Each structure stands twice: as C-alpha cells, then as structure tokens.
Protein chains: 2
Amino acid sequence: MTEEFREVDLCVTAPRGFRAGAVACGIKSDAAIKDLAILASDVPCVAAGTFTTSRTPAAPVLLCREYLRSGKAQAVVVNSGNANCATGEQGLRNAYRMAELAAAHLGIPKELVLCSSTGIIGRQLPMEKIEQGIAAIELSSQSGNDFAEAILTTDTRPKRIALEFEIEGRTVRLGGATKGAGMIYPNMATMLCYLTTDVAVEQAWLQEELRAAVAESFNMISVDGDMSTNDTCLLFANGLAGNRPLNEAHPDAPRFREALRRVTTYLAREIARDGEGATKLMTVHVRGARDRTDAIKAARGITLSPLWQCALAGGDPNWGRIVAALGACGCTLDPNRFDIFIGPVQVVQQGGAASYDEAAARAVMAASEVTVTIDLHLGEAEATAWGCDLTHGYIDENTLYTR
Amino acid sequence: MTEEFREVDLCVTAPRGFRAGAVACGIKSDAAIKDLAILASDVPCVAAGTFTTSRTPAAPVLLCREYLRSGKAQAVVVNSGNANCATGEQGLRNAYRMAELAAAHLGIPKELVLCSSTGIIGRQLPMEKIEQGIAAIELSSQSGNDFAEAILTTDTRPKRIALEFEIEGRTVRLGGATKGAGMIYPNMATMLCYLTTDVAVEQAWLQEELRAAVAESFNMISVDGDMSTNDTCLLFANGLAGNRPLNEAHPDAPRFREALRRVTTYLAREIARDGEGATKLMTVHVRGARDRTDAIKAARGITLSPLWQCALAGGDPNWGRIVAALGACGCTLDPNRFDIFIGPVQVVQQGGAASYDEAAARAVMAASEVTVTIDLHLGEAEATAWGCDLTHGYIDENTLYTR
C-alpha cells in the first residue's frame with residue numbers, strides 16, 4: 001500500500017459527522033480576530049484527554065477533567081485571549097457556564113460539552129461577549145480551518161492536519177488542530193490540541209493510546225521550558241465509520257495508532273517550529289541510552305538549553321554547549337564514550353573534539369531545520385525531542401506589551 | 001557590637017598569609033587581558049570544596065575532587081579562556097601538569113595545589129603558554145584584586161569581598177572572589193569561587209559549613225538555567241589567626257558561620273546581578289511553604305522562568321507568569337490560598353487578582369532590583385533565590401561570536 005495514510009483538508013471537520021464554527025466576539029483587543037469557536041460531533045463520542053500537570057490549572061482544565069470521567073463528550077467550546085486561570089470560584093463558574101451555553105446552543109446535554117480557554121492569566125472571562133458569541137456561531141462541516149484559526153494566540157500560523165486511512169476496509173479519517181506553546185501578554189497563550197476521528201474506539205484503549213501518543217509528541221517539545229496552566233489535548237471518536245470498536249486486540253489497532261502518532265507528531269513539530277521568535281526547528285535524537293528515561297532526559301535536556309538555543313539562532317556549531325547540557329540533564333553517561341553529530345557532521349567522538357570540517361558544520365547550522373544526534377553507546381534506548389532557537393523575537397514578544 | 005562584620009579591601013588576600021598574582025599569558029585572544037592566576041597561602045591550609053554535579057565535569061574538577069580527599073591544600077592555579085572540558089585523557093594530564101608547574105613555582109608539594117579552568121569547552125589547554133605564564137607570576141599579599149580580575153570571562157566587573165570580625169577576641173578575616181554564571185563562545189564561562197580565611201577550622205566542620213553556605217547562596221542563583229561543567233567553590237583556612245580550631249562546639253562557630261554566609265550570599269547576588277545581558281537583579285522570597293524543599297522549588301522556579309524574566313526586563317508586572325511558574329515548579333500549593341507581592345504591592349490574593357494600584361506595581365518593576373514575595377500559607381518554611389532578567393543582551397552574547 002503506497003499511500004496508507006493520505007493527507008486531506010479541513011483538519012478537525014475532515015472525519016464524518018464533525019462540524020465547527022468560529023466568531024470574533026471581542027475577547028481579543030482586535031475585534032476582527034476570531035476568538036471563540038465550537039467543535040461538535042453530530043452524535044456523542046467516546047472521548048479522551050490529557051492535561052497540564054501544573055498545580056495552578058486553569059478552570060476549563062478542571063471542568064474537562066470532571067466531565068471526562070464519563071469517557072464521553074460531544075463538543076468543545078474554546079476561547080482565545082483569556083486563559084480563565086487564577087480566577088478562583090468565579091472562574092470555575094464561568095467555565096461551567098460557558099460549556100452550558102454551548103450545550104444549549106447545540107441542543108445537547110451540558111455534561112457532553114467540554115471547554116478550553118487560552119490567553120491572559122488572572123482576568124475573569126467577559127461572559128456577556130461569550131454568551132453573544134456562542135449564540136452567533138454557525139456550525140458547518142467545512143469550518144475545521146476556521147476553528148484552527150480561532151484558537152490561536154501568538155502563533156504566526158494555524159497548525160492542522162487530517163489523514164485518511166482504512167479500518168476494516170472502510171475509509172476513515174483522523175484530524176487535528178493545535179495552537180502553540182508560548183505565553184504572551186496581553187494574549188498569553190498555551191498549548192491546546194483537538195483531535196477528531198470517525199473511527200469507533202473503546203474508551204479505555206483510546207485514553208491509553210492518546211496518553212502514549214502525547215508522551216512522544218507534545219510532551220517532547222519545548223519552546224522555553226515554561227509549562228502552561230491550560231495545556232489540554234482532547235480526542236473525540238464518534239464511531240460514525242461503523243467499524244467494530246478498536247481495542248488492543250483489533251487487527252487494525254496498529255494502523256490507528258500509527259495515524260494518531262503521525263498526527264500528533266506533525267502537530268507537535270509545527271508548534272516547536274512556530275515557537276515565539278523561532279527561526280529554526282531543532283530535532284534532537286538520542287540513541288544508545290541505557291534506558292528510555294535516560295534517552296528522554298538527554299533529548300529534552302538539549303532542546304531546553306538556552307545557550308544551545310542561542311548558538312542555533314547564530315548558526316554556530318558550538319558543540320561545547322551540547323556537552324554542557326548533556327552533562328547537566330541527569331542522564332547516565334560515560335564522558336569518554338558519547339558521540340555527537342550536527343546533521344551528518346560528527347563533531348564529538350568519545351566525549352572530545354572530533355576532527356571535522358568546520359565549514360560543513362556551519363552549513364548544516366545555517367538551515368531552517370537542524371538535527372542533533374547523540375549516541376551514548378550505553379544501550380539500545382532512544383528518544384526524539386523537538387525545540388527551536390532563542391532569538392530577539394522571543395524577548396520582544398515577552399517584554400513589549402500593550403498597556 | 002555595631003560593626004560585628006567590617007568590610008575590608010583585597011578580597012582573597014585580605015586574610016593574613018595569603019598571596020596572589022596574575023598574568024596575561026595569551027590564552028584569551030586579547031593578549032592584554034589577564035588570564036592566569038595563582039592564589040596561595042604561606043602555610044598549608046585546611047581546605048573544603050563543592051563542585052558541579054554535571055556528568056561531563058571538566059578535568060580540573062576531577063583533580064580538585066581527588067586532591068581534596070586529604071582535606072588539605074595550599075594553593076590554586078586558575079586560567080580563564082579555556083575550560084579544559086571534553087578534552088579526555090590529554091585534558092586530565094594537562095590539569096595535573098598545570099598544578100604541578102604551579103607547585104614547582106611555589107616550592108610546595110604538588111598534592112597541595114588545586115587548579116581551575118574556565119572558558120571554551122572542547123579545546124586542549126595551550127600548555128606552553130601556561131608554563132611560561134606560571135613562571136612569570138609574582139605573588140603578593142596586595143594582589144587579591146588582580147586575582148579576582150584574572151578569573152573573569154564574560155563578567156562585566158569583578159566580584160569580590162572581604163570581612164573582618166573577631167574569633168576568640170582576635171581580629172580575623174574571610175575573603176572571597178568569584179566569577180559569574182553564563183557561558184559564551186569563544187570565552188565560554190562558568191561559576192568559580194575562591195574563599196580564604198586565617199581562622200583555624202577543623203576540616204570536617206569546614207566542609208559541612210561550606211556545603212550549607214553554598215546551598216543557600218550559589219545554589220540559589222540562576223542566570224539561564226544552564227548548568228556548567230566547571231563550577232567550583234574552594235575554601236582555604238590557613239589557621240594563622242592562631243585560634244583553637246573551630247568546630248560545631250566552639251562558642252564563636254556561629255560568628256564564623258555568619259561571616260561565611262554573608263560572603264557567599266553577597267558574591268552569589270553579584271553573579272546574578274551581572275548575569276549575561278542582565279539589567280536587573282531579581283530576588284524571590286517564598287514563605288509559608290509546607291517544607292524547605294517546597295520553598296526552594298518555588299523560589300527557584302520563579303527565577304528560572306524565561307517568561308517572567310522577560311516581563312522583568314520589560315518592567316511589566318505581569319503576575320500571571322509568576323502564577324504559571326509557581327504551578328509548574330512542583331511545590332505543594334493550594335491554588336486558592338497563595339499570595340504574591342511585587343515589592344510591597346500585593347498583586348495576588350488567595351490565588352486570584354488582588355485589587356492593587358497598577359502604577360505602583362509598574363514603578364516597582366522599573367527599579368534595578370525587584371523582589372517577588374510569595375506566601376503559600378501552608379506552613380513555616382521559607383527560601384530565597386536570586387536571578388536576573390532576560391534581554392537582547394543575553395541573546396547577543398550567545399549568538400554573536402568571533403569566528
């Protein structure tokens with residue numbers, strides 16, 4: 001099968017039975033920018049979610065965690081421009097109210113409507129605008145891309161994808177839209193991701209697969225190391241494809257897993273690539289680690305180093321910074337054994353300077369995508385993490401604000 | 001006693017019996033800048049040290065750890081401009097050779113001479129220049145400040161202090177010199193600190209007190225969260241004050257402890273204030289934590305947040321970033337209970353927006369020193385950490401390099 005996974009348009013409304021809509025309701029200062037959106041299925045879905053581990057989670061995260069205990073959901077309402085975080089009891093009431101308004105608008109039970117917010121922390125939601133906004137939203141199966149735009153804050157572009165593939169010989173789809181990592185005042189942001197599929201899936205297996213996919217994608221990216229209060233990833237499976245519900249034992253389970261990994265990894269990379277001020281996507285691949293935990297520590301450790309992020313911005317193959325970040329990350333290593341490659345150029349051999357062509361290394365560093373490969377030569381485990389460079393743009397977005 | 005601790009000049013050569021000297025030997029590209037220095041005592045000292053926890057430690061760190069097992073040392077030789085890290089067996093041989101050359105120059109046993117390096121990672125030391133440099137160093141009891149200058153890399157100014165106080169009625173001194181955190185190519189750097197005293201101290205107690213003082217000072221600062229391969233803090237006590245050696249039971253032990261804390265805290269704050277590109281010193285004080293570990297997590301968590309560092313640079317009292325960093329740091333907290341103050345202005349009350357004067361908060365943020373206070377209202381533990389803002393200057397120092 002040469003095209004086992006085919007890319008199609010409309011992201012979250014690509015799978016059958018999903019509709020979306022978005023409006024500009026005035027939460028953001030620019031009244032022309034869409035800042036409120038609904039994504040809904042025609043029928044109730046099996047749903048799964050993963051959330052920030054912050055101890056100051058935003059109100060919508062608390063709502064999602066509660067409603068998702070049922071394993072079911074049918075819609076989500078999302079606003080950008082206001083995070084509804086550090087807003088206390090009132091904030092929590094507003095989150096439930098927002099979901100309730102969307103449920104009434106859609107004519108479905110309120111317990112089946114989730115909600116998300118993203119934007120500035122510490123301000124109450126403008127509920128009147130949200131109420132009017134929700135009433136004005138018209139849903140359509142063609143509006144997935146509108147939804148993907150309305151959830152953005154400091155992102156420079158939407159991040160969306162949909163794949164078409166076969167389950168039990170039927171053509172099915174899996175779509176996704178996400179917004180990027182980074183927080184900016186007055187449009188403080190966070191990472192949100194919505195995934196939809198018409199495949200029928202058993203809930204427990206769906207939750208397990210989502211958690212595993214997120215661990216290898218969204219949990220392996222960083223822009224600045226700052227963790228958000230609102231991070232949310234939701235997956236809706238409405239079963240309209242009519243297949244026998246997927247679980248571990250289903251022969252097509254691996255194909256669904258592969259589609260999910262492709263979608264989440266694509267969206268995660270797009271977030272890293274569009275980090276605040278970023279000009280380059282960094283991929284760090286660690287192999288030869290003693291175990292998976294060590295591999296993750298090392299891969300993430302390199303993406304998180306501001307000094308290496310700066311070197312990347314400057315196109316400087318200054319591998320001493322990789323060595324320092326590797327030493328600091330806490331992974332098991334033998335200082336006289338590890339190798340480091342920048343692109344195909346081996347810069348470190350057995351822990352010390354390799355003999356390499358400086359010009360070749362600089363040429364690799366000049367590209368818009370740079371891959372660092374580390375071989376620890378201690379075992380078989382590997383991991384991949386993604387990040388971006390650190391530039392004036394990051395500083396500007398986060399110091400220059402509108403009063 | 002109104003002046004229990006009096007500040008005096010000459011830092012590391014302020015205590016009796018310590019001498020220092022420095023030369024420019026050509027390790028740094030600018031041949032006029034001093035880059036090699038020796039600090040020595042006239043007699044063998046009881047010595048203690050703390051080091052980086054990096055798993056890729058520089059060669060001099062390995063030497064110090066080995067020689068310090070004896071608990072004795074008499075001198076240290078330090079070069080800036082080259083870190084002697086990721087240099088393998090040759091690097092280790094060079095570190096031992098460097099100490100040996102200094103020992104021969106001083107006419108003392110080689111096992112009593114420690115060494116440190118700071119600068120670029122991955123290049124072998126220019127041993128010929130170092131050999132000639134060591135031979136040219138003339139030591140004097142007036143050269144403490146020269147020593148403090150020769151150990152610098154990207155620091156904009158020396159960091160040094162000496163205090164005079166009484167032990168058993170005798171006038172004694174404790175001095176220190178340090179260089180700052182931050183790594184820059186081609187003058188990649190690290191944190192180094194040298195402390196000297198003429199007080200007689202038992203070695204085990206000295207090591208314990210140094211570890212405790214470092215934990216509350218150098219281990220509570222951050223510039224960019226990057227940990228170095230060369231971090232070293234050495235304390236030499238030559239006993240020339242002639243007192244009965246201090247230990248926990250000595251009645252003047254608290255006074256020595258207080259002097260040591262004052263010196264290490266002062267030097268640590270100076271490092272944070274002079275972080276690469278920094279324009280502001282940030283102090284974060286956490287109180288009301290359940291335990292000390294939580295207090296440290298929270299205080300360090302705030303200083304490590306690039307988003308809050310950017311807000312500080314912009315003078316923006318954007319406390320949502322403090323809330324986000326607090327939620328992410330892993331400390332135990334009640335999201336509806338914590339208070340946050342920026343200077344004296346309470347911006348968060350019980351986890352949500354307090355009613356405060358925006359102009360007053362902006363005025364506090366405009367100063368060159370900003371203190372954030374967090375009360376978790378969960379217990380009695382507290383901690384203080386120091387950091388700095390994140391500016392274009394940091395990016396420039398770490399992307400714009402000399403080829």
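Numbering starts at 1 and runs along the chain as displayed.
Each Cβ is built from the backbone N, Cα and C atoms, and glycine gets one as well.
Annotated features in TrEMBL:
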type	residues	note
BINDING	A:Thr153, A:Lys179, A:Thr190, A:Glu276, A:Asn398	substrate binding site
ACT_SITE	A:Thr190	active site, nucleophile
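Proximity to chain B, defined as a C-beta distance under 8 Å, is registered for the following binding-site residues out of A:Thr153, A:Lys179, A:Asn398: A:Asn398. Looking at A:Thr153, A:Asn398, the binding-site residues in this record, the fewest other C-beta atoms within 10 angstroms of the C-beta turn up around A:Thr153. In three-state terms derived from DSSP, A:Glu276 (substrate binding site) belongs to neither a helical nor a strand segment and is classed as coil.
Within 10 Å of the C-beta atom of A:Lys179 (substrate binding site) sit 28 other C-beta atoms, taking all shown protein chains into account.
According to DSSP, A:Asn398 (substrate binding site) is assigned to a helical segment. DSSP gives A:Thr153 (substrate binding site) a coil state; it is part of no helix or strand.
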